[in-house]
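Undergrad: Let me begin by handing over the structure; questions about it come next.
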Amino acid sequence: MARGRIRARIRRSHLYTFACGRPRTSEEERPHEFEGPGFSRIVHCNQPDMHTKKPLKYCSNYISTTKYNIITFLPKAIFEQFRRVANLYFLLAAVLSLTPISPFSAVSMIAPLAFVVGLSMAKEAMEDWRRFIQDMKVNLRKANVHKTDGVFNQKPWMKLRVGDVVKVEKDKFFPADLLLLSSSYEDGICYVETMNLDGETNLKVKRALETTVSLDDEESFKDFSGIIKCEDPNPSLYTFVGNFEYERQIYPLDPSQILLRDSKLRNTAYIYGVVIFTGFDSKVMQNSTKSPSKRSRIEKQMDKIIYILFTLLVFISCISSIGFIVKTKYNLPDWWYLQVPDKEGLYDPGKPWVSGFYHLITALILYGYLIPISLYVSIEVVKVLQALFINHDIHMYDHETGTPAQARTSNLNEELGQVDTILSDKTGTLTCNQMDFLKCSIAGTPYGMRASDVELAAAKQMAMEMDNQSQNGTPRSWRKSEFTESEIELETVITSKDGDVRKPAIKGILSICHTAIPELNEETGIFTYEAESPDEGSFLVAAREFGFEFCRRTQSSIVVRERYPSYDEPIEREYKLLNLLDFTSKKRMSVIVRDESGQIFLLCKGADRDAMLERVSDMMERDLILVGATAVEDKLQNGVPQCIDKLAQAGLKIWVLTGDKMETAINIGFACSLLRQGMKQICITTMNTDAIVQDPKTVKEGTGKITLAIGDGANDVGMIQEADIGVGISGCEGMQAVMASDFAIAQFRFLERLLVVHGHWCYKRIAQMICYFFYKNIAFGLTIFYFEAFAGFSGQSVYVDWYMLLFNVVLTSLPVISLGVFEQDVDSEVCLEFPSLYQQGPKNLFFDWYRIFGWMGNGLYTSVIVFFLNIIIFYDQAFRAGGQIADMTAVGTAMFTGIIWAVNCQIALTMSHFTWIQHFFIWGSIAFWYLFLLVYGELSYALNVNAFRILTEVLAPAPIYWTTTLLVTIACNLPYLAHISFQRSFNPLDHHVIQEIKYYKKDIEDRHMWRQKRRKHDIRRKSGSLPESTQRLGT
């Protein structure tokens, strides 16, 4: 519709196209009678100052979706951090480090905790800042608000108040819930798009009260006032009850006069409205619900491992405490040089049980390095970086819409690699939700006999499976070249003048019987249509192609531009719209029009066809002539069959929920590779829409497996939120599905890469990362226990405090982060060529208890080797040229060097894929250890712990130090090397075989063998060794 003032073209009419625009009956004009709770809202129109004090003070229009604010950030963020058991333990240890009980200095306990907690809080602050920026973009949008004396000024949305009169222009969002007063149309109607509220793309018509339609310019609001009494804020989008007191009259209000926040004004130059509900009182905000908190199963299992380590910690602490009690009671009195009992009473042979209790606390702090303090923050960093890789994957970028993939939460990355069942919507998810006019029947003669793309794809799929034919084996009767002639003939039939009224009548039904609004694209000169449904839009496009272009409508007429008999000189014909019977439960609509010759026609269309004629009861819909029938097609999205086929090869069960007829649903199932010949079909039909929401819950509870739900519309939100993983498609049905989702993609076909590539990688990365974390901390923490027992359970640590501070935070953190971010067992192309590799995730091959305890055992073995080899080598013998023996600091430093080498070489053996970043982090961590020793040994602080020039003068000149480091490193990693060599040789996993083939380039040298391997995987899937797909059909 042309821009600018429309009022000059549209005059008042007493015949209305839409139900909401029809004159009210006497019953409808009566004021609503309500009282009591739930109806206490009073709004003084054009008097916002009346709402600054109670009881009429309402909330502001400021919207915030943030978790924190400046005042609450510190207390709430700290509370969130210390809800984790591990952090709470380290907090208690840090507090106790200020007492004589602690075996460590306060700084060595407080600094790591402060670093880890501070980093996590910084991440929380950064994520919340992003939410704040998004909120402020909305809050700072400008609205034209009546100030005084008929003057309108711009004001930010967040400063709007209840009672303000606002002016909203075309294609702008409504800043609050408004009562419509008038519009650019003289009848006071306006067109509203509610896609952001309910996902519906069709336009809705709102109409102002007749008493306020004269408030059509800014000057008219100079002395305007009125009172609205209505319902209290509630989440119901489709109901509203209220009364409007204006000029000593009371008028009832209903939803047809209410404009909801976040809906958009369309095809209307401007409207005036008064604010009723602001901010969190608005209906859209009343409907906003917090997304459910979702945790991955790996994270839940990780908590169980933490509890196991806590149990181990308490167990060895009790052993240490018992040993200390025995030493205190029987041996301590003989050790006169210790001056017992001490002043603090920690070592008192007369009270061994009290001393044992104090030692228990000391031991709990001393062995705390069994618990990886940096585990949580490292995983958070890794998941954020993994999410960045998902967001920037060019292969999941939709060039047509400019939409990238988006990981809206990073908490569930590894869950993508363990999905068992996919529940998918059909319309808009598997299909384009864009209808194409395919064929029709006029006067009993069919035209356009081409089969639909769905039918063609289904036939190809069935032919390939039954006869093993190529895709060129399309049935001859369905080839496109055979219906061109019938389409050309259709144009002749529509313009026919042979006396059969049915043939030319089809043009009227297609171009006149609708409620669409035309919009002229000024650049192309072509009309586009805002229709109530995609079907209706496809009819108008088809009519335009046949030479009957709907170009303009008013409240009382429809104008069609006919290009017959001359295409270059079109003729505009106006049809007077006498009445319209909108779509009802009978699934049909009718219009009554008068053409330029004065003839009156009733044009009817609907889905009931012959059965409809038998049930017609309305007087105007009698003695109708069946003109014909049409067929429209909602095409499959590009790549959907290939994607579903790959997901089926990956062993995923796929359920599709659709409201189609059973025949159509089965055709679509074959077309998109969901169904195959010989597959057992289970068809479940239900009329209960709530079942869609319950599907993920039923599958989760029934199977105990991970479910993924994918959809594109507001009706899919419940399903998306209930599933373990929710994926939203940013399609044609608004952004509700995306806003409720955990991951967002632009096309269904991108789900293949999201799961088979990124899901597979993320699962293995996180699983290996967590296992390695526990391995290295057990290897390090148990050496402290061994030495404490070796030293008579004295509570003495063999390591300098600064060594222990750096172990988790610096020396071993970056290599494990690089493992979690960059590790690839196979590259993305191989993941897609061998989708059955994905089954390693659902089977949990890399994070089952067997593997977890295996890594724990590896840590136990490493701790034994590191401790006892160093003690045996350095104990009671000279290790320097001058004959000096090693003191505790020298032994502890040598032991710590062995730990650093052993765990970093271990992670190098664990990795399958190396980049320069991983090399830099692994070998750089080892180099940093020596650099630290060099600098630390020169500090005066080192004198206090007998570590002055510990590297340059004590250890480096001694060959035994370097020999011991080499021996410890080899001895620690040799069993793991033997294990993986044996496994690859005699019991290889699938990715081991593929790695060998790729490494020796056999896929290039012997392509036949490579194809044979791929067929082997495909045969395994088809023979039933991998789960087949399942279809869920709901009507």
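Using the three backbone atoms N, Cα and C, a Cβ is placed for every residue, glycine included.
No curator has checked TrEMBL annotations; they are predicted automatically.
Straight from TrEMBL, here's the annotation block:
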type     : residues                                                                               : note
DOMAIN   : 43-110                                                                                 : domain 'P-type ATPase N-terminal'
TRANSMEM : 82-98                                                                                  : transmembrane segment
TRANSMEM : 305-326                                                                                : transmembrane segment
TRANSMEM : 357-379                                                                                : transmembrane segment
BINDING  : Asp425, Thr427, Asp712, Asp716                                                         : Mg(2+) binding site
BINDING  : Asp425, Lys426, Thr427, Glu536, Phe583, Lys605, Thr658, Gly659, Asp660, Asn715, Asp716 : ATP binding site
DOMAIN   : 738-988                                                                                : domain 'P-type ATPase C-terminal'
TRANSMEM : 773-796                                                                                : transmembrane segment
TRANSMEM : 802-822                                                                                : transmembrane segment
TRANSMEM : 852-873                                                                                : transmembrane segment
TRANSMEM : 885-908                                                                                : transmembrane segment
TRANSMEM : 920-939                                                                                : transmembrane segment
TRANSMEM : 959-978                                                                                : transmembrane segment
COMPBIAS : 1012-1023                                                                              : compositional bias 'Basic residues'
REGION   : 1012-1035                                                                              : region 'Disordered'
COMPBIAS : 1026-1035                                                                              : compositional bias 'Polar residues'
Undergrad: If we count other C-beta atoms within 10 Å, could you say which of the binding-site residues Asp425, Asp712, Asp716 has the fewest?
TA: Asp425
Undergrad: Looking only at the recorded stretches 82-98, 305-326, 802-822, which one has the largest tally of CB-CB distances under 8 Å to the transmembrane segment (773-796)?
TA: 305-326
Undergrad: Residue counts in helix (H, G, I), strand (E, B) and coil for the domain 'P-type ATPase N-terminal' (43-110), per DSSP?
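TA: Per DSSP, the residues of the domain 'P-type ATPase N-terminal' (43-110) fall into 30 helix, 3 strand, 35 coil.
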Undergrad: Does the chain bring the transmembrane segment (802-822) near the transmembrane segment (885-908), so that three or more CB pairs sit under 8 Å (pairs 6 or more apart in sequence)?
TA: yes
Undergrad: Asp716 (Mg(2+) binding site) to Thr658 (ATP binding site): how many Å between their Cα atoms?
TA: 12
Undergrad: So which residues does the transmembrane segment (885-908) touch in its own chain, when a touch means Cβ under 8 Å and the partner is 6 or more beyond its ends?
TA: 772, 775-776, 779-780, 783, 796-800, 803, 807, 811-812, 815-816, 819, 858, 862, 865-867, 869-871, 874, 876-879, 922-923, 925-926, 929, 933, 945-947, 950-951, 954-955, 961, 964-965, 968-969, 972-973, 976
Undergrad: Looking only at residues six or more beyond either end of the transmembrane segment (959-978), which have a C-beta under 8 A from one in the stretch?
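TA: Residues 779, 858, 861-862, 865-866, 869-870, 873-874, 879, 894, 897-898, 901-902, 905-906, 909 contact the transmembrane segment (959-978) from elsewhere in the chain.
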Undergrad: What same-chain residues lie close to the transmembrane segment (852-873): Cβ under 8 Å, and 6 or more beyond its ends?
TA: 305, 771-772, 774-783, 786-787, 790, 879, 891, 894-895, 898-899, 902-903, 906, 960, 964, 967-968, 971-972, 975-976
Undergrad: How about long-range neighbours of the transmembrane segment (920-939): same chain, 6 or more residues beyond its ends, C-beta under 8 Å?
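TA: Residues 802, 806, 810-812, 814-815, 817-818, 893, 897, 900-901, 904, 907-908, 947-953, 955.
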Undergrad: Inside 10 Å of the Cβ of Thr658 (ATP binding site), count up the other Cβ atoms and send me the figure.
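TA: So the Cβ neighbour count for Thr658 (ATP binding site) comes to 22.
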Undergrad: Between Asp712 (Mg(2+) binding site) and Thr658 (ATP binding site), how many Å separate their Cα atoms?
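TA: Distance between the two Cα atoms comes out at 13 Å.
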